[in-house]
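Novice: Sharing a structure, written as structure tokens. Questions coming.
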């Protein structure tokens, strides 16, 4: 959608019903004029449009980026893409090449999204859901007016107002999808980080165990030799003691008994 430098000072809460409708129509006319003007923006203005505050969410809708309606044939979308990419190309905007490059990449991404049948279908599904939700909202408005005994006419009966309501709902759905995608990406990243930390911990434990086993095997022969030396020393000491005892102890000679 277009530059949003629109006068939003009207306060519907304090305006009579007729004045509310007039104010809204005036507001919507101004928005449409901006959209019409944006379709022939200069290169600098197109760059500003694509990088304006809030563009992160505005640019989620590739149809919005390329300024085409969802029902426009793909070959017409491609023509619009080429015109815009030439307008914002860094070579054509050497006074502001960095921002031009950003805008150029945004336009390229939008075209790649619509060029691919699968991603284009997903975008169209979002727009169809936006229409369904808008229709439901209108239906709820009518029910409320009926309960209140009022005329069941709503602003969205006007085709232009209906289109704007669908546009607003579409932007909301794209923004919701992006937030969900980021949440899933964040959770996935945290899960991968947790698994990697667990793997590192297990690798460290395995390394320590392997090192311990290696040291244990290397010291086995030393332990065997020590035990053999101990056994040999113990055996020699016992023999010496036995030899000494046999040499020093002499039992008394047996004498015949006299009668």
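Each residue's number is its place along the chain shown, starting with 1.
Heads up, the Cβ atoms here are built off N, Cα and C, so glycines get one too.
It should be emphasised that the depicted structure is a prediction, and the values quoted were computed from it without experimental measurement.
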Novice: Pick from 138-160, 161-183: which stretch is listed in TrEMBL under region 'Disordered'?
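Specialist: It is 138-160 that TrEMBL annotates as region 'Disordered'.
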Novice: Near the region 'Disordered' (187-209), which residues from the same chain, at least 6 beyond its ends, have a CB less than 8 A from one of its CBs?
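Specialist: No residues contact the region 'Disordered' (187-209) from elsewhere in the chain.
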Novice: For the domain 'J' (61-138), give the DSSP counts of helix residues, strand residues and coil residues.
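Specialist: Each residue of the domain 'J' (61-138) counted once, the result is 64 helix, 0 strand, 14 coil.
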